[in-house]
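Feature annotations, reproduced from Swiss-Prot:
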| type | residues | note |
| --- | --- | --- |
| DOMAIN | 1-93 | domain 'Pyrin' |
| DOMAIN | 148-471 | domain 'NACHT' |
| BINDING | G154, A155, A156, G157, I158, G159, K160, S161 | ATP binding site |
| REPEAT | 594-617 | repeat 'LRR 1' |
| REPEAT | 689-716 | repeat 'LRR 2' |
| REPEAT | 746-773 | repeat 'LRR 3' |
| REPEAT | 802-825 | repeat 'LRR 4' |
| REPEAT | 827-844 | repeat 'LRR 5' |
| REPEAT | 859-882 | repeat 'LRR 6' |
| REPEAT | 916-940 | repeat 'LRR 7' |
Amino acid sequence: MASFFSDFGLMWYLEELNKKEFMKFKEFLKQEILQLRLKQISWTEVKKASREDLANLLLKHYEEKKAWDMTFKIFQKMNRKDLMERAGREIAGHSKLYQAHLKKKLTHDYARKFNIKVQDFSKQKFTQDDYDRFENFLISKVTAKKPHMVFLQGAAGIGKSLMLTKLMLAWSEGMVFQNKFSYIFYFCCQDVKKMKRASLAELISKEWPKTSAPIEDILSQPEKLLFVIDNLEVMECDMSERESELCDTCTEKQPVRILLSSLLRRKMLPKSSFLISATPETFEKMEGRVECTNVKIVTGFNESNIKMYFRSLFQDKTKTQEIFSLVKENQQLFTVCQVPVLCWMVATCLKKEIEKGRDLVSVCRRTTSLYTTHIFNLFIPQSAQYPSKESQAQLQSLCSLAAEGMWTDTFVFGEEALRRNGIMDSDIPTLLDVRILEKSKKSEKSYIFLHPSIQEVCAAIFYLLKSHMDHPSQDVKSIEALIFTFLKKVKVQWIFFGSFIFGLLHESEQKKLEAFFGHQLSQEIKRQLYQCLETISGNEELQEQVDGMKLFYCLFEMDDEAFLAQAMNCMEQINFVAKDYSDVIVAAHCLQHCSTLKKLSLSTQNVLSEGQEHSYTEKLLMCWHHMCSVLISSKDIYILQVKNTNLNETASLVLYSHLMYPSCTLKALVVNNVTFLCDNRLFFELIQNQCLQHLDLNLTFLSHGDVKLLCDVLSQEECNIEKLMVAACNLSPDDCKVFASVLISSKMLKHLNLSSNNLDKGISSLSKALCHPDCVLKNLVLVNCSLSEQCWDYLSEVLRRNKTLNHLDISSNDLKDEGLKVLCGALSLPDSVLKSLSVRYCLITTSGCQDLAEVLRKNQNLRNLQVSNNKIEDAGVKLLCDAIKHPNCHLENIGLEACALTGACCEDLASAFTHCKTLWGINLQENALDHSGLIVLFEALKQQQCTLHVLGLRITDFDKETQELLMAEEEKNPHLSILSSV
């Protein structure tokens, strides 16, 4: 409510009260101060005070918002609703003032700030359809009524910022969201990132028309606020901060990364709405960490838009069709043309090549070829064959600038950065003139590349010309670091960087580079790239981190069959997601050259589902056939994972035929969230393969009929499946009866995971089967199965009678202390065989630890106990530690993460460490352990009789002094590992 009184005056409202009302106001004020236990004002002063004096007294003794809140309450008690309504209208005046300011600002800045280079082609007037589309942005796809968190997803330069500007302009003109939002604030992440630290109040104030924004007024109705956050990818954040790092105070300065994370993860202003623009890569990185209510895809130019633009440039209809067809044949190039400014680049590049009488086929060979042709054309006059020395120097400096920007996440460059990389003030007009650089929309003295992909290709050219050691900035790393960073998707804004490096190694690109710069290039880079791939080949962990699609695009751009075969045979494991037609083409091109693969994980999302254009269908299926052929060509492949995929009938049959091939000997088949639009019996025929030992169907919908088909196969003698995962498959209690028959008949099934299915009443059927003497199951996982009180008696009976069950996980069920007591009665029996019990998130308290302690003292088989995420507190841990010290306890691992522990329990833990001869691992993350408590723990860990090897603590949860202690103790103790994930 800041500035409200200065703008409108409390005295003015008090003047509206007559003498009798004014005295009544004072009486009510006295009561309010007493009720709220506020600092007292002298009643003598209040009684004597004039209206002006009383207003000043209130403002002197209380914060403005508190004074206003009391005034509002008193007006309500006095039944002066007219004054309340008038105040409401006056406050709304802030909104109208801001709305008018935003309209003026957007109208004034529109052409400069959000200009698209093909504006003559893409100019549109607002229509009712536009307004309807904007309103539809905030129609939630989730059923629960929640504040909006909408992502606008699309490639860089495709028109997201323009769309957001149009939306804000429509709001400022009173056409949309008038009753929904009082304020819409626009934050450009390029500006936010420069601030380093800021509060939300500061960001809002920067957008306000006056020097002081009425922050309290604005934030008083958070549900009436819409924050538009543009270019989120610039922040390079993945929203992975711990909850404790987030902030809920709008006036507190924070690192801007934390501030945005606090907003988007709803720690701050949870009732407000957000509209966020981001690239697909950024959205993918944050998915699951930010709960979005809707995702809108911005696709840019469609086929008819691209064709129309080509026609406007080439005039000749026949020539236009010829050129358009050539571009369309290269799906990667055609995808580039969906971005308006890049469509202009492609078209003008081809036009220049025609004017020079050159062959367009070679230019359109690969995306790299088109980009380099365009860039070199910019620096070679139409009449000349070669560039001038000045042009060579300008491009070389530009490439140096681009490389620095890629490593420092800089896409807007000041004059200092230009000079540091050799670009003089006199060069700038030329670079602007040829349209490789343009003035930043934010500042007259800063510059950006025409599109981020042009910066990427220039940065790639730098590495062909010079070593990173020759660069003026130490931030620029080696070619090896570049390739690993690109393949591991460490930097989400590196879309083409690595693939351009590979593309520039093609013979024709080498010739172009040598012709332009006038000297021969070193062939050392090609050897370095192959060494990178060999390093990946020898490192299983690195192979898991490599994004297969990034690798495929690198090899595709290089267009070297021999190198491709060599590179693909370095890979034993590949994980990739093909999101569109272009991805499928590139993946197929590479996979058909692979013969050493052992593990393959793939997703084609909706690319191979129904509804594809007829012209694409045949090509798509051919590509899918090539992708599946790796199941035959790689003789040692033993794991296939297909996830998040919809396959039409033909695509399903192609996969089926390859999996049924005699030489395909998969041991593990993982099918997660997959829809096969074909006869499901075909799929269940696949799992009859006698080599198959592990079947994971998690997240894949299974009807009751599917469950019957599955269990028929599992019950067959020839079936060798030992591990079955059917979590979140929409199973019902009735399905438990079918699985129960398998538990009795199958001699192979050892592991069954039924998590995240509503099984409550079905547990009785499962339990009867588990008690059967023919049941050989060893591991049963029932996490989040909506188990009720009656289930614990059934499972207790299983624990008493089953002699093969080693592991039971019933986490995330309402077990509570009462249910735990029932299970512990069975686990405390001397003949209990269970070795591992997990009861995380089960609402267990200190009281439940008494029963667990009894189990630890009596059960000599229990080796692993997971009690994390239960509020057992220090008293509960004391009970467990006393039991762990008992000679009958042979526990090896215990999980106590997020159990509301403090440093006070460390003495008990230390005592357990030194007395228990079997304990080797403990997880203590997300507890309030202090420095002094940890010193006690480490003293115990130094003792010779202590056998603990793994300590679960997240070092970054502690202050600097404690972090140093943890690192020093880990270094001193060669047997100890402190891990953040246990």
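The first residue you see is number 1, and the count goes up from there.
Yeah, the Cβs are placed from backbone N, Cα and C, and that goes for glycine too.
In the three-state DSSP assignment, the secondary structure recorded for A155 (ATP binding site) is coil. A Cβ within 8 Å of the Cβ centre of G154, A155, A156, G157, I158, G159, K160, S161, the residues given for ATP, is found for these other residues of the same chain: S277, T279, V298, G300, V339. Tertiary proximity for the repeat 'LRR 7' (916-940) is limited to same-chain residues at least six positions away from its ends with a CB under 8 Å from its CB atoms, namely 863, 868, 884-885, 889-907, 909-910, 946-954, 957-959, 961-962, 965-966, 969, 980, 982. In the repeat 'LRR 7' (916-940), helix, strand and coil residues by DSSP number 10 helix, 4 strand, 11 coil.
Sequence-distant neighbours of K160 (ATP binding site): residues of the same chain at least 6 apart with a C-beta under 8 Å from its C-beta are L152, G154, D230, N231, S277, V298.
Applying DSSP to the repeat 'LRR 2' (689-716) sorts its residues as follows: 11 helix, 3 strand, 14 coil. Within the repeat 'LRR 6' (859-882), the DSSP-based counts of helix, strand and coil residues read 10 helix, 3 strand, 11 coil. The average per-residue pLDDT of the prediction over the repeat 'LRR 4' (802-825) is 97, rounded to a whole number. Of all Cβ atoms in the protein chains displayed, 22 besides its own lie within 10 Å of the Cβ of S161 (ATP binding site). Contacts of G157 (ATP binding site) defined by a Cβ separation under 8 A and a same-chain sequence distance of 6+ are given as V339, P340, V341, L342, H451, P452, in order along the sequence.
Cβ crowding, taken as the number of other Cβ atoms within 10 Å, peaks at I158 among the binding-site residues A156, I158.
The Cβ of A155 (ATP binding site) lies under 8 Å from the Cβ of T279, P280, G300, Q338, V339, I495, each of these being in the same chain and 6 or more residues away along the sequence.
Neighbour density for G154 (ATP binding site): within 10 A of its CB lie 22 other CB atoms from the protein chains shown.
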